[in-house]
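For 1-166, the entry in TrEMBL reads domain 'FeoB-type G'. The feature transmembrane segment is assigned by TrEMBL to 219-237, 282-306, 364-385, 391-411, 449-472, 484-507, 552-574, 586-609, 615-634.
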Amino acid sequence: MKIALAGNPNSGKTTLFNALTGKTEYVGNWAGVTVDKKVAAIKNKYQIAKEPIDIVDLPGAYSISPYTGEEAITSDFVLESKPDVIINIVDGANISRSLFFTTQLLELGIPVVVALNKADIITKRGDVVNGHELEKALGCKVVTITATTEKGLADLVTTAVNIVGTNQERLNFNDLDGNNDVARQTWIKTILEKSLNKKHNASHVNFSDRIDMIVAHKWFGLPIFFLIMWGVYSFSIEGLGGFLSGYLNDVVFGEVVPNALNSFFEGIGVNPLMQALIVDGAVGGVGAVIGFLPLIMVLFFCLSLLEDSGYMSRVAVIMDRYFKKVGLSGKSIIPMIVGSGCAIPGVMATRTIENENEKRMTTILTPFVPCGAKLPIIALFSVVFFPNTSWVGPSIYIIAIGVIIIGGLVLKKLFVWEHTSFFIMELPEYKIPSIKNAIIQMFDKAKGFIYKATTIILVMNTLVWFMQAFNWKLQATEIQSESILASVGSVIAPLLIPLGFVGWQLAAASITGFIAKENVVATFAVLFAMASEEALHVPGGALAQMFTPVTAYAFLAFNLFTPPCFAAMGAMNAEMGSKKWFFRGLAFQLSVGYILALLITHIGTLVIYGETAVGFIPAIFVLIAYAVGVTFLIKRANASKATLVEATE
Ligand SMILES: Nc1nc2c(ncn2[C@@H]2O[C@H](COP(=O)(O)OP(=O)(O)OP(=O)(O)O)[C@@H](O)[C@H]2O)c(=O)[nH]1
Ligand SMILES: [Mg+2]
């Protein structure tokens, strides 16, 4: 038996889905969080029918005639897969708007039960809903629930199961004269007059509006956003998160675990090479990554609270003013916020953008937002090269915003884009964020992080260890520079010279980073910590010998702003739906990271140390070639814009 959850965006479908199935799908306080259909079996507790019940969570929709890609997923599913029953989630904080979609669902001939959600908000506002009147008018069952506390869910499931196979009365607006959308609205207004008793009228300036006057203000909005982000990132990277990670890195993975393993292996007399593989390669590399787990957990806990409070939707409004100028829309910010967790769902979230050009641009620009996997690199460089400072983490996010805005401008110049579209986004009311939800999201992220570290990163690291310990004749070698890894890295290393990065190790680490960004840290752990017998993340250690603080910052930028990991590239390819655009996007990302690192190294070294960095002359040649290339592309774009104008005249 299939029960579909359908309703407006942000009405609480995924919250209900998670409560009914025990899953931990992404819940956020904004419209357009779910962009894909999700199916799961109902929890035993609610399994009351003879046959197994499956719950289907759908993206939010305002109407059955789809306007955006993810709305189409919902209407296609409802119209074609014919669920046995639809639970229509009506947002109790926004009843009259939600009922428009309800009237359309009630025309389909599929049994519908209305779940009037967010009953807690209705009660808090002092509104009164007359459920019987509403049932009479709609001709279907109405069950009042609070998805967040699971109140009323058993009743809801029972009601839904009981109407499976029944012939529900259909509403019909198609026979009416004139515009049937207007007819629906008028009808909804009449039935709500009888069934809803509102305490406040709509024109009342409420608490949310008052906060918005400040945080979404024309001038204050952006500085407030920066301050909040600064607080969150420095708390996570340098504050509590950094402190806990330092302990894990120094004590647990720096001493306790390797010492215990070494004495265990020495005790049973294992082959020293085998011992090194396990202790230095596998455990050392994975440990260097896992050490950053607390930092990731603290960050995602804070971000989840911020998001659930409703603030992030305001950020979309603030950003819209700036984004419009560069050919993006305020809606582009949502994929980017999601992308701060992981670029893959971030890129998938571009589906909510209707305009094809805005969607492509957002897909290309979203991976520039530092994701969770990039945090360990940021944290490592911050500790080793800039100890006791708090600006490195936040500065990376400010650069990311700059890269996105300037990148948008450049993309607009390089390719032919149409005009930008309007941006309408509904703002949910502010609320006290749910700690429970934040904890769930935090552990979910932690689980993903550990899973990745103990699978793909473990495998990669064992391989990296092997490649640095053996030469091409498969003989164990004490001299790293004669190893397989060194010879592979040396092929790529010359490309990094114009950036001021010298050493095959840096090339090797960057390459492993494309498999998973955490690998950069893990590879460094194998290459440097082992050789010097000291922990990777100490200031002045082996890693510190490879860079000056300026080139270290440039290397950080290089790894963060070149293309994302392979999995995220796959998502880009899927969402672009065009190989041409996919490769254009990759080329763009690669050149952004490369040129950015080049500029940081050379300008930074000149300004701060008053001398030229390694690779200064090659860098000049690269810049000239780059400028020529970009000018050519802009000329070409202008020419095709001109032919486009001629053709339309
Ligand atoms: N107060 C209150 N908030 C709720 C309730 N149910 C859900 N919410 C909140 O509503 C917001 C949206 O929840 P989601 O479950 O993501 O909504 P959705 O319908 O899946 O949204 P889309 O995927 O964007 O269509 C979150 O902030 C939830 O915490 C409820 O019963 N009471
Ligand atoms: Mg959802």
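Sequential numbering from 1, following the chain as shown.
Glycine is no exception: its Cβ is also placed from the backbone N, Cα and C atoms.
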Worksheet item: Honestly, do the transmembrane segment (391-411) and the transmembrane segment (449-472) touch, with at least three Cβ pairs under 8 Å and pairs 6 or more apart in sequence?
Response: no
Discussion item. Against the transmembrane segment (552-574), which of these stretches has the most C-beta pairs under 8 Å: 282-306, 586-609, 615-634?
Written reply: 586-609
Practice prompt. Check the domain 'FeoB-type G' (1-166) for me and report the mean pLDDT.
Written response: 91
Discussion item. Can you work out which residues elsewhere in the same chain, 6+ from the ends of the transmembrane segment (364-385), have a Cβ less than 8 Å from its Cβ atoms?
Written reply: 237-238, 242, 245-246, 288-289, 291-292, 295-296, 299-300, 328, 332, 335-337, 339-343, 346-347, 350, 392-393, 396-397, 400, 403-404, 407-408, 411, 445, 449, 452, 513, 516-518, 520-521, 524, 536-539, 541, 543-544, 547, 549, 552-553, 555-556, 559-561, 563-565, 568, 572, 584-585, 588-589, 592
Fill in: Leading stretch by Cβ pairs under 8 Å, where the reference is the transmembrane segment (282-306) and the options are 219-237, 484-507, 586-609, 615-634
219-237
Worksheet item: Excluding the flanking five residues on each side, which residues at least 6 beyond the ends of the transmembrane segment (586-609) place their CB within less than 8 Å of a CB in that stretch?
Response: 364, 367-368, 399, 403, 407, 411, 414, 498-501, 548, 550-551, 553-555, 557-564, 569, 572, 615-616, 619, 622-623, 626
Discussion item. Checking distant contacts: for the transmembrane segment (615-634), what same-chain residues at least six beyond its ends satisfy Cβ-Cβ under 8 A?
Written reply: 410, 413-414, 497-502, 591, 595, 598, 601-602
